[in-house]
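Here is the structure we will look at, set down as structure tokens.
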Amino acid sequence: MRYRADIDGLRAVAVAGVVLYHARVPWVQGGFAGVDVFFVISGYLIAGLFAAERARTGTVDLAAFARRRVRRLLPLLLLVLAVSLPVAAAVLLPQQLKDFGQAAGAAPLFAANLLFWHESGYFAATAAGKPLLHLWSLGVEGQFYLLAPLLLWRRAGLLAAGLLSLAAAVWAARALPEAGFYLTPFRLWEFLAGAALASWTLPRLPRAAGAAGLAMILATFAGFDGGMAWPGAAALLPVAGAALVIGAGGAPLLAAPPLVRLGQLSYGLYLWHWPVFVFFALRWPEAPWPLAAPGLLALSLALAWGSWHLVERPAARGAGGRLLPAAGLALVAAGVGLHLSGGLPARLPAEARAVLAQARVSSTPCHDRLDAAQAAAGARCVIGAPGVEPDLALIGDSHADHLGPALDRALAARGRAAVVYTGSWCAPVPGFGSAAPGRGPGCAALMQAAWAQVLADPKLRTVIAAAQWGNVTDGTRGDLPAVAYGSAALAASVPAANARALEAALQAFAPRLRAAGRQVLLPMPVPEFAAPVPDSLARLAWTGTATGVATGTATATLPPLDEAARNGAAAAVLRRFAAAAGARTVPVRDLFCAPGAARCRVRAADGAPLWRDASHLTPAGAAPVVARLMEIVDAGTATTGDHHDHLSLRQPPDTDRARVHLYR
């Protein structure tokens, strides 16, 4: 197969898109599609090599093919992992280092995509703490190599597999977005689009087609963003663009020497740039990114240039091949060791370890305990004083559950009890939810059954209904693809559609709730943050730097996410519902943030974090919220409107686990 300089130029375009996207260049928000372009190129080259060898020898030496692919990919990958390991140990927090070790162990086995599939999405906020996240694409690439002999043997099979994969990708982009992004079956069509060009004898496309293809790729980089369902039907644009460029062949612009050289460095640049970006951002979080990014890009290019000369070219000639198995096993073992060690927590000072320990998940054992059928049959999970018939109900999602341990303590002190119906992603609205997998598809039925049980029991005079309402109106919590709730159609304006669906469901429920005459309290949303609060506090104790943290003698504050953008629509819907249903909204933001302040208190006077992550409260953080709610309950008031009493922030006794004393 003859060398084509323009394909190296196309590689340059692809890697530039990815790197500039990761560098947060505002006009390259769709640069992640450069990976899709790489997959098309890879499919074309692998199919071309197979076709050329089969034409020459009548067969394909699969063992030789595997050796060539290993020599091409593994040496530099192992070097990047070896360099990253000590840097990770110096920069990452224990959980981050534990996850890093797992990824480092999976990467040489070309299985990183399977690992990240089980973790956060590629566009997640937490992705910024994963220095090896970009290696998911090598997992997909390696798995394609395993399947290539089967897929590329007959052209009819290639076409059928490609169409099936494309159809599955379009479906998964909405129904199973994480699987659709990371798993090879949903990416095969991109490889096979390139493979088709090499498998069929097609006339060369006119040069204008190549120019149009390049324009399609650049339009993707400039016009798309990480909020899109990907790689669904929208990915056809860059994939078709890459196919047109390859099919036209010989584009003078792409064959220009600077682009060709960048294309030759593309593998190294891809491997090096993301760890460089992530480690810098974690170690120097206050550094202004626009000023730092050019230097980080230059460093990444320098590393790519050096490794191309010192590693990639010698490895292509067979140098060091005998060392690869031992080196690969050593790095896998090192990664597994880091994971099993829990991320070497002893590296951190005692204060940082204490912050992370205090922020462990605190939940009632009732959370996600009941399904709709159990709730409808009368099964109940109860917290508070043992042996006492409940007179309260706690209903909602994990933002209801995070109140549970503190509520359990408060109820026990009063000789009272509460029945709990909480489930992940479950907004406390009967018959309302999202059907999307992983977003509580059983929530609508569970909330229907829960409210039926509560309203049928006259002893349950008070209901606390809480949720991370911004999840509903936004369709996401910021690190997952947006989904539709209720009857809303997922469209360009998901928040508006979801807000309308939420309002319709609540207003339909309001007359029934008003007629029931219950005291219904709706805690308003707590402040949320861009990163897990305990991580920021632990990093502050470890290195003296953390993004946005301002400290006093015993407290710390952080700037929260914009309240109006995150919760404004939900707050308006809840207030209108409260007025219609005779319920009461209870503001809680002022417990943590001074009126008009741009920062919120995130640590108690004794140093305990008030959040366990970026949005959920610890028992210490939930205590003042519960105190405000119980003040209303104790007073027996049931008027509508906002409750504005100001309570002091105080640290409760240990409330890590609520006591469940009744389950029937």
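Each residue, glycine too, has its Cβ placed from N, Cα and C.
Since this is a predicted model, take the numbers as computed values, not measurements.
Feature annotations, courtesy of TrEMBL:
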- 5-306: domain 'Acyltransferase 3' (DOMAIN)
- 7-25: transmembrane segment (TRANSMEM)
- 31-52: transmembrane segment (TRANSMEM)
- 73-94: transmembrane segment (TRANSMEM)
- 100-117: transmembrane segment (TRANSMEM)
- 156-173: transmembrane segment (TRANSMEM)
- 179-198: transmembrane segment (TRANSMEM)
- 205-224: transmembrane segment (TRANSMEM)
- 230-255: transmembrane segment (TRANSMEM)
- 267-285: transmembrane segment (TRANSMEM)
- 291-311: transmembrane segment (TRANSMEM)
- 323-344: transmembrane segment (TRANSMEM)
- 366-629: domain 'SGNH' (DOMAIN)
Sequence-remote partners of the transmembrane segment (31-52) [C-beta within less than 8 Å, at least six residues beyond its ends]: 1, 7, 10-11, 13-22, 25, 60, 65, 122, 137, 140-141, 144-145, 148-149, 152, 158, 187, 190-199, 217, 220-221, 224, 226, 230-231, 235, 238-239, 241-243, 246
Beyond the flanks of the transmembrane segment (267-285) by at least 6 residues, Cβ under 8 Å: 15, 18-19, 22-23, 73, 76-77, 80, 84, 87-88, 90-92, 128-135, 292, 296-297, 299-301, 303-305, 307-308, 312, 539, 543, 545-548
Contact between the transmembrane segment (291-311) and the transmembrane segment (156-173) (3 or more Cβ pairs under 8 Å, separation 6+): no
Annotated stretches the transmembrane segment (7-25) and the transmembrane segment (156-173) touching (3 or more Cβ pairs under 8 Å): no
Interface check, the transmembrane segment (156-173) with the transmembrane segment (100-117), three or more C-beta pairs under 8 A: no
Most Cβ pairs under 8 Å with the transmembrane segment (100-117), selected from 179-198, 205-224, 230-255, 323-344: 323-344
Folded-back contacts onto the transmembrane segment (205-224), same chain, C-beta under 8 angstroms, at least six residues removed: 13-14, 17, 20-21, 27-31, 33-34, 37, 234, 237-238, 240-245, 247-251, 253-254
Intrachain residues whose Cβ lies under 8 Å of the transmembrane segment (230-255), provided they are six or more past its termini: 4-10, 12-14, 32-33, 36-37, 39-41, 44, 169-170, 172-174, 180-181, 186-187, 189-190, 193-194, 196-197, 202, 204-217, 219-220, 224
Overall pLDDT of the domain 'Acyltransferase 3' (5-306), taken as the mean: 91
